[in-house]
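Enquirer: Here's a structure for you.
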C-alpha cells in the first residue's frame with residue numbers, strides 16, 4: 001500500500017512540473033490540422049474532385065417520439081434524429097502527420113452540407129439547419145447528426161375508426177441538386193426505433209424506407225428521394241370503453257321495450273330515452289372526429305342503432321294501438337287469426353291464462369245471436385201460469401242474447417290484446433338478435 005502511494009505522489013509531481021507545451025501538444029495538432037484543412041476550403045461548392053462526379057449521401061432516421069397527430073388538419077408532428085453521411089474530397093489528412101489524430105469535431109456551418117429537406121412538410125417556416133457539430137474522419141468521411149422536429153402532411157383515413165391504421169410518409173431529398181450531382185440513399189431498410197418513446201394513442205408497427213427516382217416537369221434530370229413510411233395503429237381501448245360499449249349496452253336495452261307490459265305506460269318512453277342517449281353520444285363522437293368523406297365504422301354503428309331504435313319505437317306505438325282496441329273494434333282478420341294467433345303464438349309460447357304452453361286454444365266460432373222463436377200470435381188460451389212462463393223465458397232469452405253479445409265483444413278485445421302480445425314477443429327476438437349481431441360485428445374488429 002505504501003509503494004502504491006509513493007508512485008501516485010511521484011506521478012502527480014511529474015504532471016505538476018511538466019511544461020505546458022507538452023500538455024497542449026494534442027490541442028496544437030488539432031489547431032494545426034484545422035488551419036491546414038480550411039486554409040483554402042469553401043463550403044459553397046460540392047466537395048468533389050471532379051464536377052461530373054456524383055456525391056453519395058447516406059440518410060438514416062431514428063424515430064424518437066410522436067409529438068402530435070392532428071387528424072382534423074391532417075398534420076403529423078414527430079421528433080427525429082437525422083444522420084447524414086457523405087465523403088468530402090477536400091477534408092482528408094494523414095493521421096501520422098498529426099499525432100495519430102483520426103477525427104475532429106467542428107461546427108457544421110463550416111463544412112459543405114447537403115441541402116436535404118422534407119418534401120411534404122406542413123408548416124410555413126423555412127427549413128432550419130441544426131447548429132450541431134459534424135465528425136470529420138481522416139479519410140474525408142463526414143457524419144452529421146442533428147435532431148429535428150418535423151411537421152408533415154398525412155392523409156388520415158378514418159373509415160375504420162377507432163380500429164384504424166394510418167400510413168404517413170416522410171419524403172427526404174435534395175432541393176436543388178439532381179440525381180447526377182447528389183444521390184441520396186437510406187441506410188438499411190427501415191428507420192430505427194431503438195430510442196422510441198411509446199405513445200399513448202398510437203402504436204408504431206414499423207417505419208420502412210424506400211428509395212425513389214422521380215422526374216419532375218420543371219427539370220429533365222432525375223431527382224432521387226427517400227421515403228420513410230410510418231405505420232401506425234390506433235390504441236382503441238379508450239374509445240371502446242367511452243364510446244362503443246355504452247352504445248352496445250344501450251342498443252341491447254332498446255328491444256326490452258317489447259317486453260314491458262302495455263299497461264305500464266313506459267314502452268314508448270323507454271324507446272325515446274334510448275334514442276336521446278344515442279343522439280348525445282353521436283354528438284360527442286362528431287366532436288372527436290375529423291371531417292372526412294368516408295363515415296367511420298363507429299359512426300355507421302351509431303346510425304344503424306339509431307335506425308333500429310326508431311323502428312322499434314314506431315312498432316311499439318303500433319302494438320299499443322292494437323292492445324287498446326276497444327270492444328267495438330272489428331274482429332281479428334282470419335289470416336291473422338290463423339297465422340299469428342295460431343301458429344306464431346304456439347311457436348312463441350304466447351297463451352291465454354290457464355292454457356298450457358304449446359297447446360293453442362281451439363278457435364271458437366262466433367255465437368249465434370238469433371232471437372228466440374216468437375210465440376204464436378193470438379190470445380193465450382193456455383192457463384195463466386203458462387203465459388207467465390213464456391214471458392219469463394222471453395226475457396231470459398233477451399238477457400242471454402245481450403250477454404252473448406257482450407261476451408263476443410270482450411273476446412274480440414282479448415284477441416287484439418293477445419295479438420299485441422304475440423307481436424311484442426316476435427319483435428323482441430328480432431330486434432334483440434339485430435342488436436346483438438351489429439354489436440358483435442363491431443367488436444370483432446377490435447380483435
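Glycine residues also receive a Cβ, built from the backbone N, Cα and C atoms like all the rest.
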Enquirer: So, residue 173 and residue 420, same side of the membrane or not, per Swiss-Prot?
Expert: no
Enquirer: Examine the ranges 163-183, 184-204, 205-225, 268-288 and name the one recorded by Swiss-Prot as transmembrane segment.
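Expert: Result: 268-288 is the stretch Swiss-Prot calls transmembrane segment.
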Enquirer: Using Swiss-Prot as the reference, determine which range in 134-154, 302-322, 323-343, 344-364 is annotated transmembrane segment.
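Expert: Among 134-154, 302-322, 323-343, 344-364, the range Swiss-Prot annotates as transmembrane segment is 302-322.
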Enquirer: Examine the ranges 112-132, 238-258 and name the one recorded by Swiss-Prot as transmembrane segment.
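Expert: Checking Swiss-Prot against the ranges 112-132, 238-258, the transmembrane segment one is 238-258.
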Enquirer: Need the matching range: Swiss-Prot marks transmembrane segment on one of 405-425, 426-446, and I'd like to know which.
Expert: 426-446
Enquirer: Does anything in the same chain, at least 6 positions from residue 154 (disulfide bond), have a Cβ under 8 Å from its Cβ, and if so what?
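Expert: Spatial neighbours, sequence-distant, of residue 154 (disulfide bond): 69, 74, 75, 76, 166, 168, 169.
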Enquirer: The transmembrane segment (426-446): which same-chain residues, six or more beyond its ends, come within Cβ distance under 8 Å?
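Expert: Counting only partners 6 or more residues beyond its ends, the transmembrane segment (426-446) has Cβ contacts under 8 Å with 160, 163, 236, 240, 244, 248, 251-252, 254-256, 258-259, 297-298, 301, 304-305, 308, 312, 315, 319, 344, 348.
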Enquirer: Near residue 56 (N-linked glycosylation site), how many other Cβ atoms are within 10 Å of its Cβ?
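Expert: There are 12 of them.
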Enquirer: Three-state secondary structure of residue 31 (site 'Involved in the interaction with the conotoxin GeXXA') from DSSP?
Expert: helix
Enquirer: Given the recorded positions 31, 40, 218, 219, which one's Cα is the least distant from that of residue 56 (N-linked glycosylation site)?
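Expert: Closest by Cα distance to residue 56 (N-linked glycosylation site) among the recorded positions 31, 40, 218, 219: 219.
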